[in-house]
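Data block below; observations after.
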Amino acid sequence: MPSKGCRILEDLNVIVQRGDYLKSCRVKAGRNYTFGKKGEGQFTINIDGAIGCVYGSSFKMERVANRLFHIKVLENNVASSGIVTAGGEDNRNLCDDGSSQKLTPEEISRLKSSGLTGKEVVQTITENSMTFKEKTVYSQEKYVNKKQKKYDEIITIHRPSIRLLSTMYYLQDPLKISNLRIDSLSQLLCLANVQSGGRFVVFESGTSGLVAAAMLHRMGSSGHLVYVYHGNHPHRDAIDLMNFTTSELEVLSFISYTKLCEQEGHSMLTNGMERPSTTDETGALSSTNEMVFDSEQPVEEDTSLNENSEVNEKESADCQKPTKSRIFVRKQADDVLVSSSILRDGVEGLIVACRLHPVNITVRLLQFLKPGHSFVVFSPYKEPLMELYFELKSLNCTNLRLSENWLRHYQVLPQRTHPEVNMSGGGGYLLYGIKISKET
Amino acid sequence: MSFSRCKRLIEIGDTVILYISVTNIYALEVKPTVLNRHGKEIENVFQTRYGCLKITDLIGKEFGSKITLPKGWVHVLYPTPELWTITLPHRTQILYTPDIAMVITQLEIGPGSIVCEAGTGSGSLSHALLRAVGPTGKLHTCDFHKERVQVALDEFTRHGFSDRVTVSHRDVCVDGLGIDGEADAVFLDLPKPWEALPHAVISIKAEGGRICSFSPCIEQVCRTCETMAALGMKEITTLECLAREFHVKYITVPIIPDSSDAAEELKPDYNTETQAKKMKLDIKTSDSEDTNSEDTKVKEIVPSTSKASRKCSESKFMSAISNLKMPGHTGYLTFATVPPGLKRTC
């Protein structure tokens, strides 16, 4: 967000990008981070060289040990080319018998660790390919790009954004966020009219807190968001990764679904006379009550590498796993009070996003929505939303619309533009509607 | 004024959404009088299929309330950029919600953002951008059509956005966006976006930002992407998104009995033709769906179905039926990142 600093600093979360690969990490001086899938593609980098640089800067990876890299700012970031020269007409003389590459995998592996740059490695590989010269120019380019992606030693460090987090989660595993694809997420935010200064409710489960994080980003530090969660604690990975400031987090309060149901039983939410206006103040004043959780660290993988004991030792010496500090602006009890007070006064938008059955949740939360305002329910499945459609039809709702999104990426290259060969088969379903006043 | 801040009761000057049925939704400005054809001031009355609505009757009503008209009723809803998109007066082709939603997420727009838009068109995307930048942000929008600029400015002002928008009349391909190193994001919807790209880079902050270009044709996309790469932009992505809507309803289909004696009992006229007719009926009712008289229509279908298929068994199930016709293409969205410290050339 524009108000925040634009430099990469310690204790902030960043998104590291290498080719199509994205990974989040928390910047700590002296710490090494492991990237990529286990095996050949895995590498470890120390990102100290990025501290103080502007977000969005690109860096060159410099090898210091077998698979350990340091990074250095890249001044002139232009893609290396010049490997592709004259090419053949077509592929009539090429046959895929696995014998065209003269180098053995071991030799290529040795080449990689010999300190050559990515471009030099790719150059050597193409020179040792007997068929490379016969391929068409387009085919050569495709081949080089493929190899370059593999041996590219450039990384870019970004400020976390909803776009990057959503893409990162989706690349890691769409099911980790209940198949909530970026287009569905974007529409949730628009259809619920999420904006700065408004009051909103979200019920989110199984989407790593991505919806609440996205709502908070759209709200800035004005308005209020009540996050209703299921289970022992809310999912808030994405919220923690966004580097929200305390004033931005003050917009957010949590309440568990069970607590909500209990309170309704005590009619606390409806009559609103117990514990009056002081709730808001206590909530705001008891802020910066930082609690540090160091239990689970799903975003940071084990940094140790088994093959290289030297590096391993060094690592374990100078980097104990840093604790992921989570900012809680209020105590849990105050959160419940703040949340109930907001709900009691009514909200201007409701989002439900989960793979749980949405009917009872939505019907319960709808009572807090002011008439004339919108709600949206996301589910990875169509059937529960169909049930909800009929349920809501008999309640005070109108303009009910069930939809699914379709998203296709394109390869755009001169003379070679076409849809990407692979696409996501589905990004979940949305049920949108507007609440209307009760008949009087 | 109702777009920019939340309120409970309808007042003079508000824009409200009149909901008659799924396909019959209107945006109305609450003003007691309008000028007629001869320039004379007359009472503001809106004609609906359920009779006429005196606009002054809306004043003091709660958003979401039901308004009774001589022959039925309608609902009056809170205005949102999404409802505005489906009700606004078209002056040009417009962007629809699936694309708009994607643009805002991909451009990483939030409260406080400074955004440039060219051209303004009918202001469909502008309303969503104005909501996203919030009271602390700014939208600089421009169009090369003089009248459109004035109409758009009037509209933004009536909707309460005047303090967060500037509207200017300019040809961005020639004159640039008029913003230098201030913008977090730029959106281009132009016939030749590649000509405006160098100007777009100039308007972006030194620490970088995001750019989007919307084009209906693939040839435009090719040139745009080439220029983006040549200018040194990163993360160049082109995509297309569409929303598929469903009609949710209970469907009854006949089951043909397997045994021969049961088959004989079937009336000869109960054939595929009647089934096709019935399917058409399903789709028709869902298209002209009408909240206010829907229940009676559903009832009409049910007895006719049971009569026609009395002789054979049937299966009833809940289904989400897709439209027989839907928008297949709106435009390609191309996004790119302007990296920090990118050299600006023009």
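Residue numbers in this text run from 1 along the chain shown.
Any Cβ shown, glycine's included, is placed from N, Cα and C.
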Item to complete: Given that TrEMBL annotates B:SER122, B:GLY123, B:SER124, B:LEU125, B:ASP189 as S-adenosyl-L-methionine-binding, name the residue from B:ASP143, B:ASP175, B:ASP180 that shares the site.
Response: B:ASP143
Worksheet item: So for B:SER122 (S-adenosyl-L-methionine binding site), how many other CB atoms are inside 10 Å of its CB?
Response: 23
Practice prompt. State the three-class DSSP label for B:SER124 (S-adenosyl-L-methionine binding site), counting H, G and I as helix, E and B as strand, and everything else as coil.
Written response: helix
Discussion item. What's the number of neighbouring CB atoms sitting within 10 A of the CB on B:GLY123 (S-adenosyl-L-methionine binding site)?
Written reply: 31
Fill in: CB within-chain contacts under 8 A for B:LEU125 (S-adenosyl-L-methionine binding site), separation at least 6
B:ILE94, B:LEU95, B:ILE100, B:VAL103, B:GLU117, B:PHE187, B:ASP189
Discussion item. What are the sequence-distant neighbours of B:ASP143 (S-adenosyl-L-methionine binding site), meaning same chain, six or more residues apart, C-beta distance under 8 angstroms?
Written reply: B:ALA118, B:GLY119, B:THR120, B:GLY121, B:VAL149, B:ALA152, B:VAL167, B:HIS169
Worksheet entry | List of residues, in chain order, with Cβ under 8 A from that of B:SER124 (S-adenosyl-L-methionine binding site) and at least 6 apart | B:PRO81, B:TRP84, B:THR85, B:LEU88, B:ILE94, B:LEU95, B:TYR96, B:ILE100
